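Structure first, then comments.
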Amino acid sequence: MSRKPCCVGEGLKKGAWTTEEDKKLISYIHDHGEGGWRDIPQKAGLKRCGKSCRLRWTNYLKPEIKRGEFSSEEEQIIIMLHASRGNKWSVIARHLPRRTDNEIKNYWNTHLKKRLMEQGIDPVTHKPLASSSNPTVDENLNSPNASSSDKQYSRSSSMPFLSRPPPSSCNMVSKVSELSSNDGTPIQGSSLSCKKRFKKSSSTSRLLNKVAAKATSIKDILSASMEGSLSATTISHASFFNGFTEQIRNEEDSSNTSLTNTLAEFDPFSPSSLYPEHEINATSDLNMDQDYDFSQFFEKFGGDNHNEENSMNDLLMSDVSQEVSSTSVDDQDNMVGNFEGWSNYLLDHTNFMYDTDSDSLEKHFI
């Protein structure tokens, strides 16, 4: 069912109200009160619509209406409420006593809206005009005539900075490819440091092997010369192998795998790595001077037997580093050349006691 119209349109007056029409409306409402707007035009003798009479009374003729200019406080309230409520003027009018919604709407359109635009603020969104230009761009892009390149540009520009993919990923890949070796395998920094440490340990182990092999060979020669069983042939490699393998077995528990591999690569039994050729020839040459007086050698250390025993132990069991640093090749040749004379001296002096590390030799010489 449709709503019945308040009045018939025939013969009704439209346009501005005259002063006579205002007096008739004021006197009727003053006598009968508000309400019944459909019957008021006929009862008051007005050729107006009932709606027109209501709006004229509410917005202009009502005595409680506040007239005059809006204050600065009222302007701020209107701007704040319009930013949150929009064009709902009746809601805004509730927060401004004695002000009508029509008056607030007219004041907004004639004064406040223009003032905000002069300040660079969008009167619709209440934001700066520069940032409010994006919606127009989006509307143009949503049209069917927009190209794909424009849409892609708008997406990249509207994307937040943190959500964009980092451009440094390609640089990281290029750095990894630069670090790769010629055959295509990547180089790792940890493997390089391990190789450096392995080289240092291998060089140190080789030096220790050489010194240890020389020390064991000198001890074997001294013990054999004291027994008088040293042959005229060159010392075989088997004697070096026995002494060297025992030393390696004792050190296997405390050494790591890299040191064992390094010892396996190095051949400690080759004549070139242990002794030069002139040293081996010197050890095999046993035509020593028989007239050497060894009693003079021990007399310079003292007259008592205790000092003689300590001096011999110091000579025979000296540290390996001392032999390498202080004993030259010529000194070793002289010492080896006098081994047979020492054995004769030991046989003549029955009070001398000698202790050796080898299990195959006797503990004391009498």
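From the backbone N, Cα and C atoms, a Cβ is placed for every residue, glycine too.
Positions annotated as DNA-binding region by Swiss-Prot, on the basis of sequence analysis: 37-61 (among others). For the DNA-binding region (37-61), the residues of the chain that approach it from at least six positions outside its boundaries are 6-7, 11-13, 17, 21-22, 24-29, 100, 102-103, judged by C-beta separation under 8 angstroms.
Sequence annotations record features per position, and here Swiss-Prot assigns DNA-binding region to 89-112 (among others). On the 0 to 100 pLDDT scale, the DNA-binding region (89-112) averages 93 in the predicted structure.
Taken from Swiss-Prot, the feature compositional bias 'Low complexity' covers 147-158.
Per Swiss-Prot, the feature domain 'HTH myb-type 1' maps to 9-61.
Residues annotated as domain 'HTH myb-type 2' in Swiss-Prot, with sequence analysis given as evidence: 62-116.
Under the heading region 'Disordered', Swiss-Prot lists 124-170.
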Counts of helix, strand and coil residues, the DNA-binding region (37-61), according to DSSP: 17 helix, 0 strand, 8 coil
DSSP-assigned states of the DNA-binding region (89-112) in counts, ordered helix, strand, coil: 18 helix, 0 strand, 6 coil
